[in-house]
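To start, the structure under review is shown below, and the notes come after it.
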Amino acid sequence: MSPQTETKATVGFKAGVKDYRLTYYTPDYETKDTDILAAFRVSPQPGVPAEEAGAAVAAESSTGTWTTVWTDGLTSLDRYKGRCYHIEPVAGEETQFIAYVAYPLDLFEEGSVNYMFTSIVGNVFGFKALRALRLEDLRIPAAYVKTFQGPPQGIQVERDKLNKYGRPLLGCTIKPKLGLSAKNYGRAVYECLRGGLDFTKDDENVNSQPFMRWRDRFLFCAEAIYKAQAETGEIKGHYLNATAGTCEEMMKRAVFARELGVPIVMHDYLTVGFTANTTLAHYCRDNGLLLHIHRAMHAVIDRQKNHGMHFRVLAKALRMSGGDHIHAGTVVGKLEGERDITLGFVDLLRDDFIEKDRSRGIFFTQDWVSLPGVLPVASGGIHVWHMPALTEIFGDDSVLQFGGGTLGHPWGNAPGAVANRVALEACVQARNEGRDLAREGNEIIREATKWSPELAAACEVWKEIKFEFPAMDN
């Protein structure tokens, strides 16, 4: 090597391995308004100090690597490194703690949820010094929020499009979710919408299979929507699942839905990914479509208490990436959801400003700076007896989705839809009159059965159905 091209180490460089905490544990650091803040539940290997484990998380999810490198001298680590700035114990867990990490905003590409996750959780979860790691929450700074479009329409625009106010929206997933022909599927959609539902839904398992290709389903569902609208005088919709094996195919399905004039399409945002979801959300905004989001695969990521990622993080990411509805559990049905925690991330989806509240699992105050809100969808094992609790828990800005609780009605799909609509209207009226839904809910439903035989039949069928299992998370 000639003298002109030879590169020598600077005087300050010293090769070798040193503790992460010497560089990345900074308890005196004052967080900035522009920092992305993360709360990790850390379970270190035996013998690894909390400060070292927290610093390792900060390092490996930002600028650090396992050994000192001479190119550190070519940049400013103080400007770009993540910092573990606080550690606190987890009540009742001697081997776990919460590590708070601050990331400079310059580490992240504008408007890119996928790269935010690539940086923060992409590599560090396999780190050998940790037995387990869970991302509990993120604080997204206003400066970064403003680089995202968010939901294609938002709650208020959706209500204006549908001309429906003052109550939750009602939906239904068509069952059986697999095996119906397109024509029979469309018939079920029509019956449910005619009976009083606002929406029906493709199950996430439905895309384009030999028994029902997507184009045929879209056509028969559109026919059902227009027929039900003509008969009821209400705007109706069906969540047409645009999820596909390629982004090109996904967009083709969304374009066809727009050409049919239907109001809403659907997407499985976790299985397909944030890049595809953001692309579809942008198309929906530009073309006046609502976007319903299913969270298929979420429990693979969020169900374990000490490893993975809490759903509140996935919910925040969805609001940034774009979606007008997202499934959020029920609290009372067959799918998991503890009340305070569920309402914590429901508020993160809907509200513009949310205060820190650890009792609801909210680690950071979050300001969405007018990013449109997302309607939470309560779905899974719910029926008419749950209506008072669902109305009281989720309030007006929600979608209450009854699949088996509609199509399982002994008289058929349309009477099942009637039963749900009557139950909802009764609960909303009782609430508006000042009655206590939590205490008087069953009485309110029984009173409504006197003038709705459809509701009376539904109440008789599901009077003994309960799903009583403890929640996994707290």
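Residue positions begin at 1 at the first shown residue.
Using the three backbone atoms N, Cα and C, a Cβ is placed for every residue, glycine included.
The feature active site, proton acceptor is assigned by Swiss-Prot to Lys175 (among others), with sequence analysis given as support. All chains included, 15 other C-beta atoms sit within 10 angstroms of the C-beta of Lys175 (active site, proton acceptor). When secondary structure is read from DSSP and collapsed to three states, Lys175 (active site, proton acceptor) falls in the coil class.
The Cβ of His294 (active site, proton acceptor) lies under 8 Å from the Cβ of Glu204, Met266, His267, Asp268, Tyr269, Ile326, His327, each on the same chain and at least six residues away in sequence. Taken from Swiss-Prot, the feature active site, proton acceptor covers His294 (among others), and the record attributes it to sequence analysis.
For Asn123 (substrate binding site), other Cβ atoms within 10 Å of its Cβ number 11. Marked as substrate binding site by Swiss-Prot: Asn123, Thr173, Lys177, Arg295, His327, Ser379.
Counting only same-chain residues six or more apart in sequence, the Cβ atoms lying under 8 angstroms from the Cβ of Lys201 (Mg(2+) binding site) belong to Gly171, Cys172, Thr173, Ile174, His238, Tyr239, Met266, His292, Gln401, Gly403. According to Swiss-Prot, the Mg(2+) binding site annotation covers Lys201, Asp203, Glu204.
Sequence annotations record features per position, and here Swiss-Prot assigns N-acetylproline to Pro3 based on sequence analysis.
Summarising the annotation, Swiss-Prot assigns N6,N6,N6-trimethyllysine to Lys14 and lists sequence analysis as the type of evidence.
The annotation N6-carboxylysine is assigned in Swiss-Prot to Lys201 on the grounds of sequence analysis.
If you take the Cα of Lys175 (active site, proton acceptor) and the Cα of Asn123 (substrate binding site), they are about 40 angstrom apart, rounded to a whole number.
Each of Thr173, Ile174, Lys177, Asp202, Asn205, Val206, Tyr239, Asn241, Met266, His294 belongs to the same chain as Lys201, Asp203, Glu204, is absent from that list, and has a C-beta within 8 angstroms of the C-beta centroid marking the Mg(2+) site. Taken residue by residue with DSSP, His327 (substrate binding site) is part of a strand. In the set Asn123, Arg295, Ser379, none of the binding-site residues has a C-alpha within 10 Å of the C-alpha of Asp203 (Mg(2+) binding site). Summarising the environment of Ser379 (substrate binding site), the number of other Cβ atoms within 10 Å of its Cβ, over all protein chains shown, is 24. Each of the binding-site residues Lys177, Arg295 was scored by the number of other CB atoms within 10 Å of its CB, and the largest score is that of Arg295.
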